[in-house]
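For reference, the structure is listed below as structure tokens.
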Amino acid sequence: MGKYFGTDGVRGEANVELTPELAFKLGRFGGYVLSQHEPDRPRVFVARDTRISGELLESALVAGLLSVGIEVYKLGVLATPGVSYLVRTEQASAGVMISASHNPALDNGIKFFGGDGFKLADEQEAEIEALLDAKEDDLPRPSAQGLGMVVDYPEGLRKYEKFLVSTGSDLEGMKIAIDAANGAASYSARQVFLDLNADITVIGEEPDGLNINDGVGSTHPEQLQNLVKGSDFVIGLAFDGDSDRLIAVDENGEIVDGDKIMYIIGKYLSEKGRLSKNTIVTTVMSNLGFHKALDRENINKKITAVGDRYVVEEMRRSGYNLGGEQSGHVIIMDYNTTGDGQLTAIQLTKVMKETGKTLSELANEVTIYPQKLVNIYVKNDMKNKAMEVPMIAQIIEKMEAEMAGNGRILVRPSGTEPLLRVMAEAPSTEEVNYYVDTIAKVVKTEIGI
């Protein structure tokens with residue numbers, strides 16, 4: 001991560017931290033860096049989610065791109081994975097998504113994609129950051145025919161929808177509830193699932209600029225659960241603001257998270273001989289029950305740090321085609337290069353349709369262990385050295401010995417705050433509380449503030 005670019009682009013409170021001035025500079029400097037790697041005039045696709053600040057930041061960003069001669073294709077409101085897909089398939093130079101994903105409406109973000117549909121290379125982000133920190137803007141200022149032009153490209157949305165539909169099965173006879181989070185999926189999910197012949201009901205489909213992720217979507221699935229519970233819906237599908245993640249709800253109203261979704265799709269692909277190296281890539285936060293289910297099915301797993309960025313990096317490096325996070329980011333590399341909530345939903349319903357099983361039957365093959373996570377404020381200079389403290393290392397070793405393989409402890413520092421995160425999983429809530437509380441007490445005594 002750099003000074004401006006985090007693991008998911010540049011983010012902040014819109015018009016306060018992520019200002020139009022910064023958006024203009026990101027467009028201008030980002031466009032210039034791209035132009036240095038392109039023999040011809042670069043063509044950049046730009047999209048946004050439904051936040052009220054989206055058009056403000058889009059206007060500034062596009063102005064910056066145009067000022068260095070970039071040809072801009074404006075996609076309007078579109079899911080983040082839609083940008084990734086279109087950049088790659090339409091041979092654009094790059095893509096930019098204006099979104100803060102599952103964050104509330106006051107936040108926004110700007111994320112760049114390279115021409116291959118993946119996040120912009122770290123080296124290029126570093127070049128942009130160097131220009132942002134320069135005392136003077138000495139970049140060329142073309143005029144007349146040297147300026148960039150804007151092309152409105154609303155047909156990009158329909159191309160993305162057709163792609164999604166092409167990956168699925170006919171869902172005739174399936175009654176599906178959808179929560180579009182008042183976000184980007186509000187513009188596509190209904191059409192996609194109608195094209196798949198599903199019988200659908202959609203909530204969270206009335207964005208007003210301020211209600212994105214507000215009591216709806218993958219981080220607030222309660223409304224969807226209540227809709228599905230006691231009805232004849234066979235599944236509920238909850239997306240987040242930019243539709244790059246999915247949380248599902250089974251026919252009984254129970255949550256089916258990213259771990260269970262990866263297991264269901266992974267097992268299906270494995271049985272078809274289509275799971276690359278018979279391996280799923282996941283993070284250290286995936287539940288122990290998920291790991292045990294994979295072991296039972298003889299499916300391998302590769303573990304990364306928290307963040308879909310690290311999952312994608314490992315998938316690219318080692319040639320895996322399925323990975324993701326408990327939070328609902330699922331990357332199916334056979335189809336797209338980033339987490340795609342609607343694509344994941346289509347693959348999940350395809351498994352249901354082809355196996356004839358209910359979602360609860362498929363999901364209950366994974367027994368999720370009770371999990372507890374606590375955040376402990378610690379001395380900032382010690383958060384990365386906690387395991388070097390003898391008393392902390394000893395208590396963790398003691399707790400792991402007591403678990404005897406039937407539980408898991410994870411202690412990791414926050415990347416942005418003076419926090420140590422202590423997580424445990426075990427067969428019962430009582431055991432989880434015991435393990436976490438015991439470790440937390442020692443951490444607070446030794447390095448707490």
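Heads up, the Cβ atoms here are built off N, Cα and C, so glycines get one too.
Annotated features, as they stand in Swiss-Prot:
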{"type": "ACT_SITE", "residues": "SER101", "note": "active site, phosphoserine intermediate"}
{"type": "BINDING", "residues": "SER101, ASP240, ASP242, ASP244", "note": "Mg(2+) binding site"}
{"type": "MOD_RES", "residues": "SER101", "note": "phosphoserine"}
> Taking the centroid of the Cβ atoms of SER101, ASP240, ASP242, ASP244 as the Mg(2+) site, which other residues of that chain lie with their Cβ within 8 Å of it, listed in sequence order?
Replying inline: ASP49, ALA79, THR80, SER99, HIS102, GLY183, ALA184, PHE239, GLY241, SER243, ARG245, GLY339, GLY341
>> At a 10 Å cut-off from the C-beta of ASP242 (Mg(2+) binding site), count the other C-beta atoms across all protein chains.
In response: 35
>> Neighbour count, 10 Å Cβ-Cβ cut-off, for ASP240 (Mg(2+) binding site): what number do you get?
In response: 34
>> Using a 10 Å radius around its CB, how many other CB atoms surround ASP244 (Mg(2+) binding site)?
In response: 33
